[in-house]
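**Q** Here it is, the structure in full.
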Amino acid sequence: MDRAAVARVGAVASASVCAVVAGVVLAQYIFTLKRKTGRKTKIIEMMPEFQKSSVRIKNPTRVEEIICGLIKGGAAKLQIITDFDMTLSRFSYNGKRCPTCHNIIDNCKLVTDECRRKLLQLKEQYYAIEVDPVLTVEEKFPYMVEWYTKSHGLLIEQGIPKAKLKEIVADSDVMLKEGYENFFGKLQQHGIPVFIFSAGIGDVLEEVIRQAGVYHSNVKVVSNFMDFDENGVLKGFKGELIHVFNKHDGALKNTDYFSQLKDNSNIILLGDSQGDLRMADGVANVEHILKIGYLNDRVDELLEKYMDSYDIVLVKEESLEVVNSILQKTL
């Protein structure tokens, strides 16, 4: 065989090998592509808000299924059940702690320095118990009652006038989370019921969202409301105490509200504590519930517990963009 013939045979053989290799590579690519596009976490992966390092999900498949259920149900089936302090409001801004509803009153100029010192001592004593990763909710329960009862007693002694609440809130450093206008606006636009369940001070909470322009008719607030005397001076608090770990009882007391929403069987629950997980206990017919938890403090100690109990955990996250992205697809 002459050299030209040998060269032709070699070229054909080489081409055949290349074709085989190319075919294998192409098959592998197609298989990989199909596997990627066929994964159940497709919706989550397509949402850029879920790609941030602050978003932690233990079971993406379960979250995907719940979100698909929410999307399928649409506006007709949806309701929102949410905490307020450090959930809808910010935990911090530019490295500085933002106030809770109680802190807004504690820090106002109508409270004496002596009272403020005592309130701070109570916070230092009991907050450590509230976020202790070892103690059970049942063990924390009586300490929370002590804390709230003592704090409310001190505030009553100050004789806070109702007429000053608007000014007190306006002068405070309270801030709602980034994206709050979109959150409240879209929910109002579609008539979605919003149940704000707070262990804070209801009068202050309502004034915060009123001044932010988002206290719409679809929003219901359940909280610790002040009781004023005939002169408009604080004399006590109405009803039974709501604290961070008895929201289960409060939820059951609001079954009349939830029974009116029997068709709203899909729930997005927002909270920042283990106690907030019980806020939907008064809902009888739950089809899909997505629990989103903000982990603001002691992340290393509490992350595992939050990952076990919340579907989505948002670590040191000061925005509502994750829930807003879900609402965008659902409504």
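Cβ atoms are placed via backbone N, Cα and C, with glycine included.
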**Q** Among SER89, SER151, SER273, which is the one flagged in Swiss-Prot as phosphoserine?
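**A** Swiss-Prot annotates phosphoserine at SER273; the rest carry no such entry.
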**Q** Name the one residue among LYS162, LYS238, LYS247 that Swiss-Prot lists for the same substrate site as SER198, ALA199, GLY200.
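**A** When Swiss-Prot describes the substrate site, the candidate it includes is LYS247.
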**Q** Since Swiss-Prot lists ASP83, ASP85 for Mg(2+), which candidate among ASP249, ASP256, ASP263, ASP272 does it give for that site as well?
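**A** My reading of Swiss-Prot gives ASP272 as the candidate in that site.
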**Q** Out of SER151, SER198, SER273, which of the recorded positions is least crowded by other Cβ atoms within 10 Å?
**A** SER151
**Q** At the level of the C-alpha atoms, what whole-angstrom distance separates LYS247 (substrate binding site) and ASP85 (active site, proton donor)?
**A** 14
**Q** By CA-CA distance, flag whichever of ASP85, SER151, ASP272, SER273 among the recorded positions is nearest to ALA199 (substrate binding site).
**A** ASP85
**Q** Can you name every residue in this chain, apart from ASP83, ASP85, ASP272, with its Cβ inside 8 Å of the center of the Cβ atoms of the recorded Mg(2+) site?
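**A** Neighbours found: PHE84, MET86, THR87, LEU88, SER89, SER198, GLY271, SER273, ASP276, TYR294.
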